[in-house]
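Structure, as structure tokens:
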Amino acid sequence: MELFRGVLQVSSNVLDCANDNWWCSLLDLDTSDWEPLTHTNRLMAIYLSSVASKLDFTGGPLAGCLYFFQVECNKFEEGYHIHVVTGGPGLNPRNLTVCVEGLFNNVLYHLVTENVKLKFLPGMTTKGKYFRDGEQFIENYLMKKIPLNVVWCVTNIDGYIDTCISATFRRGACHAKKPRITTAINDTSSDAGESSGTGAEVVPFNGKGTKASIKFQTMVNWLCENRVFTEDKWKLVDFNQYTLLSSSHSGSFQIQSALKLAIYKATNLVPTSTFLLHTDFEQVMCIKDNKIVKLLLCQNYDPLLVGQHVLKWIDKKCGKKNTLWFYGPPSTGKTNLAMAIAKSVPVYGMVNWNNENFPFNDVAGKSLVVWDEGIIKSTIVEAAKAILGGQPTRVDQKMRGSVAVPGVPVVITSNGDITFVVSGNTTTTVHAKALKERMVKLNFTVRCSPDMGLLTEADVQQWLTWCNAQSWDHYENWAINYTFDFPGINADALHPDLQTTPIVTDTSISSSGGESSEELSESSFFNLITPGAWNTETPRSSTPIPGTSSGESFVGSPVSSEVVAASWEEAFYTPLADQFRELLVGVDYVWDGVRGLPVCCVQHINNSGGGLGLCPHCINVGAWYNGWKFREFTPDLVRCSCHVGASNPFSVLTCKKCAYLSGLQSFVDYE
């Protein structure tokens, strides 16, 4: 039998209106195994017993009803509340409220001096359906309360008649065998979709389920297999199925529920790397034509080494090294590669710097976090370290409070140093060491060709599927001791499938501090693009550097132009310091008297420990020094690409780029 449940609130004002019939009632209450009833507690016990007596001899819809009434004191205010559990052949959701209110108010009418009425609040689900779990509610909630919390209780349900007002039984109810409600009516046919509300132990589901539930389960599995996690992707993959489901309100709700379950399954129950691998390995055999492979080779990285690390990193198997940092100047493929990886995972979130109060609003419940060109402020540095290190934490969300964020892989793309922490108008490096311990950094220094195009999910799947199928040992050798800087390419350990692909241009240097095979002359300083030489907010020249060879063009190849500027224009257009002041010995550089060259530090004098052949900082200092010396003694010889053939001197004098290139500022000051 279905038993409905609800609550009646009895305020203290109702008891103030009690008449003599209520106070002087001779109703016998058995309190032999119960706490003594005094004052208003006795009034409520009399009232509850009077309602039960009337219900036993009433007719209409309440005839033959089972009931369980329990009155309790309010915790935070004066007064009482009555738990009502009842059900019968004539009761249904339509007449339940009217019948219960009529029964209690008819009895109350003869016990008060004023016209006071009680209101019944039935228990309902969030969808507006009535709870029908009265049996479980009695066993798991009402009968587990003991006197002082419970004022009085009455019932006509077998098994509870003698025990409902037994303090001894209630105190041992959790160990005693619970009685069951036995009726001739089969109560297993409850309406679908209504909550049972049980508090008992969770029992694994062993049933076969209904046809609708099996169909819904099949739909969720289909979404995961076809990598459909958004409504737009669903429309593209199977528009007919989406249209049929959207035609009804219940179908639209199924779409949202199925997508949520598919996302949960993909982010928590299935390794993320499975979505980055191609199902057909035969389609990934021509790996040398892959755009990502060409990009990484151009940046002087081994595509196999990077790919194996990405597969391990995306599955959260790198420990504290939970973050990939793509660092370099614009147009080098950083964001292109990061977004291609992000679009290949089930669902990704982005750190939003437009809202400084809630930058991590989109991080919770994602497979990957993309951090594009951001800064770390002192107010969020601790949360940022937890997220970058893959540690569980809580972040604030707008209009939602704080939510838990488990370890999620993070990929960062930036032109500046992300390890600097900003606090007001100051910048500190106190947290730099802790942040670097959570990252693996890849330097992107070679600009990509304009016709490279966007990297796609197919490129990522082809690249990573090929990497997953290779058994190359040099990744494990590096993974034993993770370093902050990702190791550069090793020609001896390069996979045979990659040997025929160009590795790096003649004018580029190792992005990870690798060894150069040729001695660098002073004239070649102006053709270098070195790490740190591009840290500027001022835009670079739009004119590309002409190529040094006529070989086949690939991702990082420079392009030709009819208007050619000075060969060092792009390389030297950098703000390493104030470009109009003279360099200071001991501050900006150290002079190597043996070779007659500037170096970055005393340790690199006479090529000990580095020098021009190994240290990129020494190369930067040399290019800076020679460029300054060249501009000082040739003030008006070099011009930008727009004024190469200009005859009007005022056009050159007013051009900021010409002033930077040829030292015209010092020339004007002198004149």
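Here the Cβ of each residue, glycine as well, is placed from N, Cα and C on the backbone.
Given the structure is predicted, the values throughout are model-derived calculations rather than measurements.
Feature motif 'Nuclear localization signal', per Swiss-Prot, maps to range 177-180 of the set 177-180, 329-332, 389-392, 413-416.
In Swiss-Prot, the feature motif 'RCR-3' is placed on 141-145, out of the ranges 141-145, 146-150, 636-640. According to DSSP, the secondary structure content of the motif 'RCR-3' (141-145) in residues is 2 helix, 0 strand, 3 coil. Counting every protein chain shown, the Cβ of GLU72 (divalent metal cation binding site) has 19 other Cβ atoms within 10 Å. Taking only the Cα positions, the spacing between GLU72 (divalent metal cation binding site) and THR335 (ATP binding site) is 63 angstrom. You'll find the Cα of GLY333 (ATP binding site) roughly 66 Å from the Cα of HIS83 (divalent metal cation binding site). Here HIS81 (divalent metal cation binding site) is compared against the binding-site residues PRO330, SER331, LYS334, THR335, and the shortest C-alpha distance is to THR335.
In this structure, the binding-site residues HIS81, LYS334 were compared by how many other Cβ atoms lie within 10 Å of their Cβ, and the smallest count belongs to HIS81.
Within the set of binding-site residues (SER331, THR332, THR335), the lowest number of other Cβ atoms found within 10 Å of a Cβ is recorded at SER331.
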